[in-house]
């Protein structure tokens, strides 16, 4: 390879007619690519005849996973449309595609990969290229990818389950052990083909699992060159798919999902997964995580492990939340302040001030009777207890998950999965043009940008993200303006009309409720639209930043998407919880937004019920929308495809063609699954003080989500390319950040959005002497004390109601101010300052108690179980003994002791191979 060779990966917007190509990166002989990352790579001389895949007829075995010889296993499938069968007038357009494809396949064969092509039985224009990796190639790339493989059976006895006494009952909640048998556990070590004899190889055909084989095949496909133009080499299956050279590329499912394979020796793992995991009848069973990991890889496995663990933990929160909800429902009729609102002699006699200018009219407090009763369900002492419980629950969830995750890391051989084990992305390799000295190894290496270039890329990304966040905030301001205008309209209409046509719902249709529901629906639609737009922007920004590895890429995209989604989904809830009704002034001197719209007020009982409505609509609407996207769309697409090919339904269709008819799994498919669940996690934790039913709704949704996701990837999608993953990545710190923020938000919701603190202050201080007239602590008279008096003669001309249906001189409004005629009229009274002090004290005390409890729990619960630590140490010891003891023995044999107690070297002839001592591991 010369020092002038150039590697290039086309941009997605490249066209077939482009004559010139931009040179994206110089790679000389000192560069790690391709010698280190593609050890079997051999360039094809320019002008040389390229080898072509051998064409073979379909052998009539629909379940076969082998070439026609029945020996070589299919590791990957490439699908293309035969260019020679195109229309004559268009055939010249596809010749470039053909040249690229033939060169790509010749490059694969040059690297030791074996290919076999078979024509489609449905469409004679389609050809399927079967890819097989021989033993030597597998060994080479297993070492390149640091794949850990078994060296010795695990001799450490497993700890018996504490629930073994209930096994006769619990066994029904686990997959059938006769179908999914427990596999032998092994200690593992990174593969080294020079020490093959130390690995536990019983059968070469089964030593590497199908997931490992397809992972290695994809690694080569994503780096194999497909065109040489001068000194420019273009490579990567991704571009070939985007430009239409290939129509699809995917690993094979091992059987049909609903029928067991008839091939001898087939394990039919897909069929087992469907029967014991994805089938609706198995919704109550635990997930077969080891089989999921074996079939789909660690990345898919860790997602379902996390989702299952989160769902199990939600069960506890759902039970407590349901108890709090039942408590609130049962005690709503016993609430003294609610009774006063509904009492004709109290609430019926209190005339409330108009809540908007001019058009709004005076209204009686008891018109909000039913709303106040419903508010009692959520605004009670049970909610306080539940908020504290959820703050502790989220800590238990995260700490127990880290402990469980450490166990999975050991079981799935990802304990030492470090960044240097992960190869660079092909897109990164293609643009390496600048040379630098590696700060760790000291070796010269190529990077795609200088320090200034990296700073520029990151700055552009940050600026774009902030621009879109500001765009969301602008949309929120627009929705707030709508709320103010809508409330003005609803107040003028609903208070004046009798609403006989809404008789069953008349008592619930208040201006506040009508405004809240319509604004929530509009907010949900805006959220969905902005999501669709921003997804494209976030992917573009991340592509522009050019992260080195796929993990870096996903972490960068995760952070951008979550920051956007956080503002998009939660901003309206933060507005209702902490802004609405807090800065409204008083009837004679209201506060205006943008100098025109009068700020909206909360119900006399607070804004908590409105926040509950907002959460219920967004959570419910989001769940319905996501299920439509995840289930209905793939199913409809597959149904349409099957309908279009119904003429061939009587033919015997090979498994690779059956898989081709399925939907491809999106490159970011798993990312959206995580995002959906983390957003839900935020709703469950950040605002749970206003909606105790959030955990039970999340639980029900997740029970469906697990089976829907399982059904989707098992039956509707092609097999996913397995990927390695140690943990849930950037989602872990995001969850921890949400957990910390949840303590503050729930404390502030109870303090500022609910009426719990003002009621407590009244009960303990203002109901008795010196502020009250009652001899004992009581809630009687609370409504009277929580509503201030306003003299209607003090209305400004802009605020004076146009219609006055009652002969009154004063009206009431929600605040703690001195009455008219007082020396400090309309100023905050002593009750207000007591309430503010109590709210701040409550927030400080609750936060400190909960944070202290979280700290203690984090310290007490270790991240890694002692049993797992023992097994990790045992595995490391065995690795040292088995893989390094040979070299140590070699040194010992070459040393000869003498009588004077010294040691000298014996004169021996050593080969260069024997003198190489590998202590790097």
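Backbone N, Cα and C atoms are what each Cβ position is placed from, and that goes for glycine too.
Keep in mind that TrEMBL annotations are predicted by a computer and have not been checked by a curator.
Note that the coordinates shown come from a computational prediction; the quantities given were computed from them, not determined experimentally.
According to TrEMBL, the protein carries these features:
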type	residues	note
DOMAIN	66-289	domain 'Anoctamin dimerisation'
DOMAIN	292-875	domain 'Anoctamin transmembrane'
TRANSMEM	303-329	transmembrane segment
TRANSMEM	381-401	transmembrane segment
TRANSMEM	465-492	transmembrane segment
TRANSMEM	512-534	transmembrane segment
TRANSMEM	557-578	transmembrane segment
TRANSMEM	678-700	transmembrane segment
TRANSMEM	734-754	transmembrane segment
TRANSMEM	831-852	transmembrane segment
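Of the two recorded stretches, the transmembrane segment (678-700) does not lie close to the transmembrane segment (465-492), with fewer than three CB pairs under 8 Å once pairs fewer than 6 apart in sequence are set aside.
Listed by sequence, the residues of this chain that lie at least six past the ends of the transmembrane segment (381-401) yet keep a Cβ under 8 A from its Cβ atoms are 306, 309-310, 313, 316-317, 320-321, 323-324, 327-328, 684-685, 688-690, 692, 695, 735-736, 738-739, 742-743, 746-747, 749-750, 754, 756, 846, 849-850, 853-854, 857-858, 861, 863. Here the transmembrane segment (831-852) has long-range neighbours at 388, 391-392, 743-744, 747-748, 750-752, 757-758, 760-762, 765-766, 771, 785, 815-817, meaning same-chain residues at least 6 beyond its ends whose C-beta is under 8 angstroms from one of its own. Cβ atoms under 8 Å from those of the transmembrane segment (734-754) belong to residues 379, 383-384, 387, 390-391, 394-395, 398, 558-559, 562, 576-578, 582, 606-608, 611, 678, 681-682, 685-690, 839-840, 842-843, 846-847, 850-851, 854 of the same chain, restricted to positions at least 6 beyond its ends. Taking the domain 'Anoctamin dimerisation' (66-289) as a whole, pLDDT averages 85 in the prediction.
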